[in-house]
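Engineer: According to Swiss-Prot:
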| type | residues | note |
| --- | --- | --- |
| DISULFID | Cys24-Cys45 | disulfide bond |
| DISULFID | Cys38-Cys62 | disulfide bond |
| DISULFID | Cys64-Cys75 | disulfide bond |
| DISULFID | Cys76-Cys81 | disulfide bond |
| SIGNAL | 1-21 | signal peptide |
Amino acid sequence: MKTLLLTLVVVTIVCLDLGYSLICFNQETYRPETTTTCPDGEDTCYSTFWNDHRGVKIERGCGCPRVNPGISIICCKTDKCNN
């Protein structure tokens, strides 16, 4: 009985996805759509927006970085939420 219980515990641990990795878009302005799998423990995606002499620039990725004045940022917490 103990062997069966131990076997069930081991199988459960092996079969469970013990870690979840967030997927975020990571392309820049006017680039083809690409995604990246965020590092373990990273649970946020971001999009930043700013203007330069060529127009609106957009950057996307994992995390929620601090930005300088004049740069807008949106952070979110679900897969591919930063498009």
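Quick reminder: no glycine exception, Cβ is built from N, Cα and C everywhere.
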Engineer: Could you say which of the disulfide-bonded residues Cys38, Cys45, Cys64, Cys75, Cys81 has its Cβ with the most other Cβ atoms inside 10 Å?
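Structural biologist: Compared across Cys38, Cys45, Cys64, Cys75, Cys81, the most Cβ atoms within 10 Å surround Cys45.
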Engineer: Looking only at Cβ atoms, how many others are within 10 Å of the one on Cys24 (disulfide bond)?
Structural biologist: 24
Engineer: Within a 10 Å radius of its Cβ, which of these disulfide-bonded residues (Cys62, Cys76) has the fewest neighbouring Cβ atoms?
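Structural biologist: Relative to the other disulfide-bonded residues in Cys62, Cys76, Cys76 has the fewest Cβ atoms within 10 Å.
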Engineer: Rounded to a whole angstrom, what is the C-alpha distance between Cys62 (disulfide bond) and Cys81 (disulfide bond)?
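Structural biologist: That separation, Cα to Cα, works out to 11 Å.
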Engineer: Given the disulfide-bonded residues Cys24, Cys38, Cys45, Cys64, which one's Cα is the least distant from that of Cys76 (disulfide bond)?
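Structural biologist: Nearest by Cα distance to Cys76 (disulfide bond): Cys45.
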Engineer: Write down the Cα-Cα distance for Cys75 (disulfide bond) and Cys24 (disulfide bond), rounded and given in Å.
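Structural biologist: That separation, Cα to Cα, works out to 11 Å.
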Engineer: Measure from the CA atom of Cys45 (disulfide bond) to the CA atom of Cys64 (disulfide bond) and give the result in Å, rounded to a whole number.
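Structural biologist: Cα-Cα, rounded: 6 Å.
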Engineer: Can you tell which of the disulfide-bonded residues Cys38, Cys45, Cys81 lies nearest to Cys75 (disulfide bond) in space, using Cα positions?
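Structural biologist: Its closest listed neighbour, by Cα, is Cys45.
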